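Let me begin by presenting the structure, written as structure tokens, before commenting on it.
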């Protein structure tokens, strides 16, 4: 009963935190453009800075996430959750106070630094908290509820942005971030860590032997020795063909997703003069479709056609969704593309579910961390390419998409958006 109470407080914490972080996404494009290129709908420096920022965040976060996870094994999930949740507040408070150029640059620097610790860490630690407090047979349902909470926060956050001014958006976001941290510190009970789980999962042996090595409580490794190195990750990949295939799919899927989202909002603003209201509409549509898919379609389709085929469907519609954005000829096309999220959200849950079947219950959290690891590797890799493409004008496939962002397109003034 105590574990269930702890999960209810965790779900409330994650909802408040995600609400605060998601609601600023539609507004940040307008703020960036107003600070860097006032009065314009096209701004190459904004894309350059966004790509550079995401490169630093991506590279830093896939190093910090395993470290945060290992430290949470020693010091507790609650203590480590406090760090990224507190750091998230600082950049939001800056833009809540002012969005002029100087304050934007201060936000940019602090956001880059703090996101190294925050990006993905809260989600990973929340999954670890659930694994600590839920028996093996009920973890899938608990993970599904946690994903549903995140999707609900995404929809609610973007929907609220639709009806708030830009200044109010950041003020509400900062307030919600503070509330989530205070709530977590006051009401969330810390989970009890099984000491046997502190043994490093990485080993030169096969994955199946990891569980046996954890049964020896005398093995107390140094904390930083448990941080997986690239050699450790390669050992894991060599131990299972499924791990290797999942890592490749996760890497390139993330590579494509970040390639799209690094420039999408700037592209829509330049081509169709979208602002935060239209961005919020798109994200609400995408969020509702994704929530319906995860809560209703996936439980029905996964047993019926299998997760392998469902993964293929998700990847196909993900590609179709990106292609439709890139050739959008009218303002309504992005809204149709957003509906495709009802299918392309299948991919990541299917990847994690396929991989999770290959290991025992005590390796489940690590498997999630590794899929996140390869996603962040893809993020960092793409954004390094993005920065180099912008700086040296290398002829690369992603440079075409960036040119589309800067393409001048006139939209009639009497166009009515939803």
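Heads up, the Cβ atoms here are built off N, Cα and C, so glycines get one too.
No curator has checked TrEMBL annotations; they are predicted automatically.
As stated in TrEMBL, the feature transmembrane segment covers range 142-160 out of the listed 142-160, 161-179. Within the set 79-98, 199-218, the record from TrEMBL flags 79-98 under the feature transmembrane segment.
Note on TrEMBL: of 279-302, 351-374, the range annotated with the feature transmembrane segment is 279-302. Residues belonging to the domain 'Major facilitator superfamily (MFS) profile' (1-192) score a mean pLDDT of 84 in the model. By number of Cβ pairs under 8 Å, the transmembrane segment (279-302) is matched best by 322-346 from the list 44-67, 79-98, 104-130, 142-160, 322-346. Residues 6-7, 10, 14, 17, 31-32, 35-36, 49, 53, 56-58, 60-62, 64-65, 68-69, 72, 77, 80-81, 83-85, 87-88, 90-91, 94-95, 139, 142-143, 146, 150, 191, 365, 368-369, 372, 375-376 of the same chain lie 6 or more positions beyond the ends of the transmembrane segment (104-130) yet place their CB under 8 Å from a CB of it.
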